[in-house]
Amino acid sequence: MILQNRTFDLNPNDIAGLELVCQTLRNRILEVVSANGGHLSSSLGAVELIVGMHALFDCQKNPFIFDTSHQAYAHKLLTGRFESFSTLRQFKGLSGFTKPSESAYDYFIAGHSSTSVSIGVGVAKAFCLKQALGMPIALLGDGSISAGIFYEALNELGDRKYPMIMILNDNEMSISTPIGALSKALSQLMKGPFYQSFRSKVKKILSTLPESVNYLASRFEESFKLITPGVFFEELGINYIGPINGHDLSAIIETLKLAKELKEPVLIHAQTLKGKGYKIAEGRYEKWHGVGPFDLDTGLSKKSKSAILSPTEAYSNTLLELAKKDEKIVGVTAAMPSGTGLDKLIDAYPLRFFDVAIAEQHALTSSSAMAKEGFKPFVSIYSTFLQRAYDSIVHDACISSLPIKLAIDRAGIVGEDGETHQGLLDVSYLRSIPNMVIFAPRDNETLKNAVRFANEHDSSPCAFRYPRGSFVLKEGVFEPSGFVLGQSELLKKEGEILLIGYGNGVGRAHLVQLALKEKNIECALLDLRFLKPLDPNLSAIVAPYQKLYVFSDNYKLGGVASAILEFLSEQNILKPVKSFEIIDEFIMHGNTALVEKSLGLDTESLTDAILKDLGQER
């Protein structure tokens, strides 16, 4: 447990004192996020809600569960991390999300959306079985109500009536504008006036009526429900209170007191302003959701924009270019149009763009149906979020061999977001699925060719991956070439050992190749390109070389080296193969270069490892 290193007086009866605490927390959040980067606007918008929670509840007896948890900065500051908050998202510093190994006050790991109510239901069930005092309190926000798991949890909660408080932090935005009929309908319902006290008075009056008019009274009550903003939740058996002003501490405190006394499932609807307290961010939701270091006075980024396109930009530009000529191309994303680059397709062809909200499983299944109808759906998705849709990939796309195209962004180590966001699993779980074609580009130019190949491939689902930020391999080092199904590319033939790169691993292998050349060791270099199917000529390609070294940004177990070893084994070829992939553990947050160095994946460490394997000193 991290001990308290700054004392806050959170007296629920001293609203003025709580407001001063809120200002102190906002100032600290702005100070640190402007220096380190992080999730700014969500955390600023949730300050009063979190202060109210801490003022009334002991979070070790009443677990606080933060949905996604990127809005939990105020919680960290209130639980012994005020001074250490300066290390936010830094290597070996504080995580940007709740993390139980960091603090006993962080109840559950989080990073992906919409899990909080499900976790809360599990806690409530356990508390009932243990006859424990207290109840879980979930803070939801940023579009979590668009995901299926939220409604799955509500379904059980409303039926079982477990004591639980849910606070819906409604800032009318997820990461970008919320999508879907449910979000829109709930948003409209929730913009009405505060009905709770009026409804209580109506119920009181109805209870005094004689039994002879009970039927009419009950009909009036049912009719009244239809005009209240909480009808959706109350029909599920969940008490609804709100809307309230999520920045009014008096309203927050009184509402939490009421919810606490009910000892039933309660949803408090709180309306907040994303970016509250920082005028530059207020009203500019998507730009200020997740930010890099910026100047606090001007709001301008401290990092100049690179002249080199990011992989995401290279992908989206190519897709837009193809979409102009091919009306069958459609773009699909799960609440990440800007992050995946599909915002360009929205502007150019709005009818051919589909943001399905935070519903990855639906994204994959509906795309499979579009593919069956002759369209070419490019599902643009982060590697970490694709894992939420695994069954849809298997059941709905691959069994029927429907030609969806998975454009897997943020593949590999992603840096400051850490364990919950690393893109390290897709290689292992996708290559185990029949009918799936898997390939990876080595730089922006071959990424463009990968998009073109995917567009033409119509016999099965296919997937290609690319990193966040930039490729390791610089532009123009090797001539770009088109993709041919199952064909690798030998970039350098001469040498006694062979370095095999897959995707971004080609750039890493090339840097090692140059470092070894300075030691008078010549290495051949192979761009594997296709992981599935592997090049049928691979056994002949590797035959001249004494040892093989494999480089790729994914987990080692079930990874690229495993695929190569399986292939060679089936050919009865015994060849030493050493893997430089990711070890079998969840990788922490931090600057990507520092994280890679800690894993021995920087050029110097890789070169030393090969020299040692060859029996030579550096």
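Each position is counted from 1, following the chain as shown.
Heads up, the Cβ atoms here are built off N, Cα and C, so glycines get one too.
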Legend entry - Swiss-Prot thiamine diphosphate site partner of His70, Gly111, His112, Ser113, Gly143, Ser144, Tyr278, Glu360, selected from Asn36, Asn171, Asn245: Asn171
Inset, instruction - Starting from the Cβ of Asn171 (thiamine diphosphate binding site), draw a 10 Å sphere and report how many other Cβ atoms land inside it. - result: 23
Inset, instruction - List nothing but the one residue from His70, His112 whose Cβ has the fewest other Cβ atoms within 10 Å; the candidates are the binding-site residues. - result: His112
Inset, instruction - Determine the Cβ neighbour count for Gly143 (thiamine diphosphate binding site): the number of other Cβ atoms within 10 Å of its Cβ. - result: 25
Legend entry - Where the record names His70, Gly111, His112, Ser113, Gly143, Ser144, Asn171, Tyr278, Glu360 as binding thiamine diphosphate, the maximum Cα to Cα distance in Å: 33
Legend entry - Close in space, distant in sequence - Glu360 (thiamine diphosphate binding site), Cβ under 8 Å, 6 or more apart: Ala334, Ile381, Phe385, Leu386, Arg388, Ala389, Ser392
